[in-house]
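Here's the structure, in structure tokens; my notes come after.
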Amino acid sequence: MLPPSRRDFVSLTVSESGGYTNGKQRRQSCWRKWKQLSRLQRSLILFVLVLLLIGGIATYPSLSAQWGDTAVEENSVEGKQPFVVELKNQGRPLLPEPPSEQRRNSHKRGPPVLQSRLQNKGNSSELRGAEVKNVEEGDGSKPLISWRGAVIEAEQGTDPNAKEKEKAVEPEDPSAAQLVESRLEAVREAFRHAWKGYKDFAWGHDELKPVSKSYSEWFGLGLTLIDALDTMWILDLKKEFEEAKQWVATELSFNKNVDVNLFESTIRILGGLLSTYHLTGDALFLEKAKDIGSRLMPAFSTPSKIPYSDVNIGKGTAHPPRWTSDSTVAEVTSIQLEFRELGRLTGDPKYQAAVMEVMQQVHKLEGKHDGLVPMFINTNNGQFTHLGIYTLGARADSYYEYLLKQWIQGGKKETELLEDYLQAVEGIKKNLLKKSSPLGLTFVGELSHGHFTPKMDHLVCFLPGTLALGAHHGLATEHMELAQQLMETCYQMYTQMETGLAPEIAHFSMQTGSIQDVDVKLADRHNLLRPETVESLFYLYRFTKDKKYQNWGWEILQSFNTYTRVETGGYTSINNVRDPKYPSPRDKMESFFLGETLKYFYLLFSDDPNLISLDKYVFNTEAHPLPIWPQAE
């Protein structure tokens, strides 16, 4: 027997034609049922519906993320190989330069497209875990950022339409030209940002203080502006160059009662003006070079012909530092390229005669050790002082650089210069070259009265480039091999630091069982935006075409952007390369950051061997290219 029929249901009547005609009746029946509910029942039902709605909204993002992760896993299972960028891996593929708005977030480490998203600064090991993956969806491919397991859609730093372009660092990749241009533009953008700070807060003064938005004076001669002239020309920054040229034409005067350092004013001002004259052909710069060159000549009026360190360019007088009668060897032997060229252009032999007298005296001096020179020389008697201490760092470094470069500049005819250079290289290999632990890095230490110290200044990183230049000009292939070994060491001085920036001075571990090759004392942890490593990367890439050198340089540029870029314009040196959370800005942008560092970045990233050809030009120690003399001279 069937159970009694229940009454709590709603019946629907369907017509014979099968058409649905009871919509109005159904709505009326539902409304009657709703009206029959008590006020409390209706309130409870509405409350539950609201809760369900809120819960659905809250859980939607997590469901979307789950679906996104599932998509990545499915692609993996199906054998689709994702594209990966590892920030610190040697030879890694790299993202193109992000727009300036992204790079302004200058205190976060990580790939450029992540910098605007990271609210807390992570440590270096966390940031090295960043990867970029390309996950196919449907017809095309969608670039994604993988950050410690999270998948985030990439913004403007990737090319979403070209799966094959992702291996952009490989020479055979069709997008290599795009990568080159994006990196060159990144350098131009960095220069414009630095120039903006200088123009807004330090125009016509020596150096920008970007944090305090002010300036500092050294000589009061617009040092940064003059140092940057040929950089702007090489980077094709016409607007900025014309602004600077106008200032040189109307404001620059050397008729000032001011003491200048002979070495610094020669390599930055005289060298910068001569270089800009050669690149542009504009006689304005040659006239200014003649003016400053003649005003520096009183420095050579000493009993020994070894020049004083300081000159008053307004009074025409010169003197040693207040605390000593010594000059540093590097300073008196690293002004020759500039004065020799000034003499050639003017036809006045006094300039070349003065600086070559110094080289001839140093060539004959006793006190060398296997071609290595002490750091100081007395201006009264012309003898080395502080004997027994030998370094390729501060106060001696560019002596070795200028031995080779003068030989090249003069058409490879001055054999004494070459002999001194080759002897010095052998002295370095015999006395200063050691291996670190655990990686076995080749480094250059210091010798003090027979005792070896595993201390290497960042300044020494000029040496790989100089050795490579010598090999290019016909010297032993062993010089290139040593250059490549030392280049790896200089790169490790960057990559082993938490900020990815090298310290001013590093100490290398030589004991078996060491954990890290590079150790940095507390007082040596600053970074001054120095160019030496980038300079050597440029030479090594120009001669070997090995893309890893460009990639290493790109990593370094990103670290500069992350830790030294100031939002309102300019870049600042920092106090602590081991503290990525607070590297402690020093509030100073050295003129050589524009004159050298950014110039060498640009030349490194360029694939044009004729952009300042190394068969036609030789760079002074401030990165100002001067012509190699014709063979007839």
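Backbone N, Cα and C define each Cβ position, glycine as well.
Whatever TrEMBL says is automated annotation, not expert-curated.
Look at TrEMBL and you will find 43-63 tagged as transmembrane segment.
The region 'Disordered' annotation in TrEMBL covers 89-140 (among others).
Annotated compositional bias 'Polar residues' per TrEMBL: 116-126, in sequence order.
For 128-140 (among others), the entry in TrEMBL reads compositional bias 'Basic and acidic residues'.
Per TrEMBL, region 'Disordered' is recorded for 153-174 (among others).
Per TrEMBL, the feature compositional bias 'Basic and acidic residues' maps to 161-170 (among others).
Annotation source TrEMBL lists active site, proton donor at Glu264 (among others). Packing around Glu264 (active site, proton donor) is summarised by its Cβ count: 18 other Cβ atoms lie within 10 angstroms of its Cβ, all protein chains included.
For Asp397 (active site), the number of other Cβ atoms no farther than 10 Å from its own Cβ, over all displayed protein chains, is 24. If you look up TrEMBL, you'll see Asp397 (among others) marked as active site.
Counting only same-chain residues at least 6 apart in sequence, those with a Cβ under 8 Å from the Cβ of Cys490 (disulfide bond) are His458, Cys461, Pro464, Ala502, Glu532, Thr533, Ser536. According to TrEMBL, the disulfide bond annotation covers Cys461-Cys490.
The active site, proton donor feature in TrEMBL is assigned to Glu504 (among others). Here the Cβ of Glu504 (active site, proton donor) has 19 other Cβ atoms within 10 Å, regardless of which shown protein chain they belong to.
Feature annotation from TrEMBL assigns active site to Glu532 (among others).
As annotated by TrEMBL, Ca(2+) binding site applies to Thr621. For Thr621 (Ca(2+) binding site), applying a Cβ distance below 8 Å and a minimum sequence separation of six or more within one chain yields Ile267, Ser334, Ser398, Glu401, Tyr402, Phe462.
All protein chains considered, the CB of Cys461 (disulfide bond) has 28 other CB atoms within 10 Å.
Cβ neighbours within 10 Å of Glu532 (active site), excluding its own Cβ and spanning all shown chains: 23. Calculated from their C-alpha atoms, the gap between Asp397 (active site) and Glu264 (active site, proton donor) amounts to 14 Å. When the Cα atoms are compared, Glu264 (active site, proton donor) and Glu504 (active site, proton donor) turn out to be 19 Å apart.
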